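S.K.: Quick one: structure below, then a few questions.
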Ligand SMILES: [Fe+2]
């Protein structure tokens with residue numbers, strides 16, 4: 001069922017209609033007049049819908065940060081099946097099954113290492129195993145506290161072959177917001193407030209609490225094909241656009257290029273809407289890093305109308321307006337921030353999402369084009385969505401790297417040697433690739449699985465070892481203090 005009425009500007013792509021503008025308050029309805037006017041919670045909701053508020057911030061959060069959405073749905077979320085709480089004879093609540101951790105790793109069992117790390121593209125599960133978006137998630141790194149304290153962040157890589165429509169699973173994350181970056185294959189995402197089709201070079205954000213399911217858009221069922229990408233989860237606050245400071249009121253990711261879904265219901269007849277006892281539709285709830293399944297009685301995609309400012313959204317990275325130096329040197333990579341999640345101090349992010357997009361690089365003849373060598377108090381996790389990265393030869397699309405707090409890194413020998421000879425006579429259009437970085441002020445611990453993975457690039461550090469001391473010619477021109485001493489003694 002398609003949307004018949006919305007306000008604001010609309011964009012259409014892949015047959016879906018989106019509303020535009022970062023952080024706006026949106027209204028949308030599947031059928032005319034479903035949205036109550038002038039009040040949120042009337043005794044008689046149009047068409048006998050139920051009103052339900054989804055709060056993304058504390059009720060009393062400052063107005064500029066306050067996020068909530070009113071949903072008008074065929075049944076409230078609470079009327080979607082019951083759960084049996086197992087008890088033993090002493091009336092003590094027990095769990096009968098061992099904990100299942102989202103991303104395959106107990107965050108308490110993660111480890112630390114100061115080594116620079118790089119991974120090749122994560123391979124898919126064996127083709128004969130059914131694997132959907134949830135099964136296909138691998139926790140790579142986590143840090144900054146537990147979702148139980150509503151703090152910290154986690155980084156995942158996913159690979160899956162099976163749409164959640166096939167596994168009949170639906171999902172919500174009570175722990176935080178997901179930023180999803182498809183690297184291979186477009187995703188069709190069903191959410192309570194509408195659908196999005198997210199291609200590689202798009203990103204999407206699904207905030208805490210929304211029920212959604214992820215499907216392969218192209219429906220390719222050949223055994224070799226699969227979807228792959230990256231996910232950043234933030235467990236504190238929500239993503240916002242970075243401050244622009246002296247850049248002014250335009251540039252980087254512009255607010256009007258963020259797209260929000262329009263109201264949609266998965267079923268228009270009671271027969272399609274109701275799940276019978278054998279249909280085994282399951283809601284997977286991520287709560288405190290663990291997965292809790294629950295049998296569903298009916299489709300969770302039954303919101304006929306909504307209004308509010310707490311919503312999933314998507315953004316096409318081609319729309320990013322990059323800014324950098326056109327005189328000499330280059331600016332810190334923060335100049336490429338798409339979205340940020342504010343940390344404990346102003347200007348110090350819990351997580352920044354930064355991209356290195358195709359762009360014209362124009363500089364003077366004495367600037368080294370690739371990024372400088374550096375050590376950073378922030379932790380940097382990088383991924384490559386497509387093509388090549390300009391400072392590394394061995395960094396593959398679909399792969400990743402991690403440079404933790406104070407771990408030295410920079411261009412590899414081959415890239416450095418090439419760049420030193422480059423006189424930068426003409427501006428160069430860099431259009432070979434699209435890389436991104438998650439940058440956090442927190443120290444991350446690593447999944448022991450990721451550290452043992454077959455796709456870990458065990459020789460990564462080799463790429464810098466030929467940057468040797470032979471190039472230094474200072475002592476040929478000036479005597480060392482020791483030689484000077486000897487000369488004095490001889491006199
Ligand atoms: Fe770096």
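Cβ atoms are placed via backbone N, Cα and C, with glycine included.
Where the annotation comes from TrEMBL, it is an automatic prediction and has not been curated.
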S.K.: Besides 374, 409, which of 380, 393 does TrEMBL list for that Fe cation site?
M.R.: 380
S.K.: Quick test of your reading of the structure: among the recorded positions 330, 380, 389, whose CB sits under 6 A from ligand 1?
M.R.: 380
S.K.: Helix, strand or coil by DSSP: which one applies to residue 380 (Fe cation binding site)?
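M.R.: Once the DSSP labels are grouped into three classes, residue 380 (Fe cation binding site) ends up as strand.
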S.K.: On the three-state reduction of DSSP, what should I expect for residue 374 (Fe cation binding site)?
M.R.: strand
S.K.: So how many other Cβ atoms are close to residue 330 (active site, proton acceptor), meaning within 10 Å of its Cβ?
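M.R.: For residue 330 (active site, proton acceptor), the count of other Cβ atoms within 10 Å is 17.
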S.K.: Going by C-alpha positions, which of the binding-site residues (374, 380, 389, 409) is nearest residue 330 (active site, proton acceptor)?
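M.R.: Smallest Cα separation from residue 330 (active site, proton acceptor) among 374, 380, 389, 409: 374.
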S.K.: Would you say which of the binding-site residues 374, 409 has the most Cβ atoms within 10 Å of its own Cβ?
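M.R.: The residue with the most neighbouring Cβ atoms within 10 Å is 409.
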S.K.: Give the sequence-ordered set of same-chain residues, not counting 374, 380, 409, with Cβ within 8 Å of the centre of the Cβ atoms defining the Fe cation site.
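M.R.: Leaving out the recorded residues gives 371, 375, 376, 403, 407, 408, 410.
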